[in-house]
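Here is the structure we will look at.
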Amino acid sequence: MTTASSSASQLQQRLPEEKPWPQLSGSNADAQTFKCKYVTNHNSLGDGNFSVVKECMNIHTKDLYAMKLIKKQTVKNKIQLIQREFDLLRSISEKIRDMEKKNEHSLDIFEGHHHILQLFDYFETADNIVLITQLCQKGDLYEKIVENQCLDLETQVTSYCACLVSVLEFLHSQGIVHRDLKAENVLFRLRVNENEKNLQGEHHGDFKYDLLAHDLVLADFGLAAEYNTSKVNSLKEFVGTISYIAPEIVKCKGVGEMTPDQVGKLDKYGCPVDIWALGVLTYFMAFGYTPFDCTTDDETLECISKCDYYVDEQMMHDPKYEQFWNFVQCCFTIDPAVRRSAKNLKQHPFIKDYFATSNSLNTKDTPNFSFHPTIRRVSSTASMHTLRSPSKSRKTTTLAYLNMDGGSSETSTAFSSKMDLPDLYVDRTINSRERSLNRIRDTLKKTLSMTSLKPAGTFDYLHANKNGTSLSSSKSGLVKKNSTFVLDPKPPKNSLMNGCFSTTPESRSNFNTPKTLSRQGSSTSVKKYVNEVDLLLTPRTASMSSNDTTAINDYDTTNDKNPARKHAASFQVNVDDSDGDETMQI
């Protein structure tokens with residue numbers, strides 16, 4: 001026994017340690033390498049300083065996806081952010097798959113785990129880190145709001161808000177804080193593969209709402225963090241989008257210049273920051289402008305700290321908006337310990353109809369939403385609120401990366417385009433929104449953002465137990481009404497890259513006749529598969545909206561009606577640059 005145990009111990013010592021993905025090696029001699037199993041369209045869906053997103057086809061399954069190629073050369077000091085995003089997406093995808101396998105469903109209209117961007121595959125090349133995700137429509141929630149000036153309160157704002165509440169409830173139940181919930185990160189599913197369903201055209205319940213709410217997908221987990229497993233200081237970072245950040249994040253401003261003792265005195269924030277951002281987004285959907293934005297970033301941050309947001313006098317006294325104002329008040333609570341949770345908000349009168357089943361099972365825990373006082377103004381040094389849609393355009397931004405464990409920091413500067421739009425300045429004494437909107441002047445100030453399945457998914461309403469979960473198997477032919485979520489069975493391993501190193505990173509195809517490949521090096525990758533590619537596919541356009549100022553999700557989309565405009569802002573983030581340049585082949 002001793003000899004055997006000793007031999008096993010020696011063998012274990014000789015075995016190479018499993019290296020975390022990505023390897024970040026140009027040669028990667030120790031890792032198994034494969035030729036790329038995807039072909040991409042010639043045109044990119046969007047590109048930016050750090051990454052390019054393209055539509056791609058898996059040459060084995062012929063399904064269409066979005067391929068995000070993150071440039072190693074530009075993210076070398078931020079690789080841990082990409083690793084964090086990848087780890088979270090993979091963990092969430094596995095959890096979703098497990099829930100669908102166990103048929104864990106409720107009878108509510110929205111299931112939170114059905115509305116999160118799905119990660120399908122991932123791999124590394126000499127130049128890029130590549131993520132394969134689901135394909136989404138061109139145009140995000142931001143563009144939808146701006147094109148329509150605002151959304152309909154009763155059919156769109158309530159349903160979109162309810163869907164996002166279900167998403168946050170799921171994420172928070174898994175201990176995950178998103179930290180960058182905003183309109184640009186809310187996408188719409190694009191159903192392009194054979195097994196994906198179309199809306200049935202029927203409403204669930206006895207009230208009408210926009211069925212596109214079933215297509216909502218929350219994306220960009222570049223800033224997301226696990227509340228219970230993150231480093232002690234990772235949730236003391238000044239990160240996010242200025243228009244959407246909560247007061248507890250504002251307190252972290254300048255954390256990069258703080259001493260370890262000062263950092264230690266900061267309170268760790270958590271899931272309530274997403275609830276605050278939800279309030280901002282709900283307000284933005286209803287009015288077409290954000291509640292706290294002022295002339296300068298400092299004024300905006302002061303208004304956030306004091307919960308001083310613009311309230312239109314006419315809208316405030318409109319009975320139609322009564323529950324809306326109460327809902328955003330629940331979100332705009334300065335003390336995060338008192339701020340409502342996503343689970344509580346499901347029972348709020350503003351959106352409770354979308355969760356009638358689960359709410360009926362939790363009547364004893366129904367919170368009281370009637371205690372809030374009348375909305376009041378808070379005096380601050382900011383004399384003007386800026387009524388505007390938060391701009392998607394970008395400006396020169398200084399990014400400070402903070403190594404909070406080591407007490408050191410470094411800064412770098414990212415340059416991007418600038419687009420000017422009119423500002424809407426509103427004096428606090430004006431009583432009419434319409435009068436305020438006539439006072440257009442100056443230039444839109446920029447705000448910051450840091451960043452960036454198939455058969456199954458069935459649910460039997462007829463065999464649900466008293467807890468609202470299904471007792472039937474996934475073989476039932478019934479599906480959740482109007483839900484457009486589908487979960488792929490695990491694809492065959494030979495059709496995936498699964499984190500390997502690819503010798504041919506990008507095989508391009510025009511997805512059409514004739515069969516053309518953009519470069520000779522790529523043609524060798526798909527030579528034996530090229531006859532399998534469906535040459536009848538026509539080019540499609542889609543987009544995964546995100547931001548161009550980070551190493552995670554950075555690209556733009558434009559259309560004729562609304563040129564793409566991205567957020568911009570200054571931020572500090574905890575990054576351990578332990579990999580070093582020597583591990584990267586640039």
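Count begins at 1; order follows the chain as displayed.
Here the Cβ of each residue, glycine as well, is placed from N, Cα and C on the backbone.
For reference, Swiss-Prot has these:
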REGION    1-26  region 'Disordered'
DOMAIN    39-351  domain 'Protein kinase'
BINDING   Leu45, Gly46, Asp47, Gly48, Asn49, Phe50, Ser51, Val52, Val53, Lys68  ATP binding site
ACT_SITE  Asp180  active site, proton acceptor
REGION    503-524  region 'Disordered'
MOD_RES   Thr504  phosphothreonine
MOD_RES   Ser509  phosphoserine
MOD_RES   Ser518  phosphoserine
MOD_RES   Thr538  phosphothreonine
MOD_RES   Ser578  phosphoserine
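Overlay of Swiss-Prot feature records on the structure.
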| residue | record | CB count, 10 Å |
| --- | --- | --- |
| Leu45 | ATP binding site | 26 |
| Ser51 | ATP binding site | 28 |
| Val53 | ATP binding site | 29 |
| Asp180 | active site, proton acceptor | 32 |
| Thr504 | phosphothreonine | 18 |
Ser51 (ATP binding site) to Thr504 (phosphothreonine): how many Å between their Cα atoms?
18
Average the per-residue pLDDT over the domain 'Protein kinase' (39-351) and send me the rounded value.
88
Nearest of the recorded positions (Leu45, Val53, Asp180) to Thr504 (phosphothreonine) - Cα to Cα:
Val53
How far is it from Val53 (ATP binding site) to Asp180 (active site, proton acceptor), counting Cα to Cα, in Å?
20
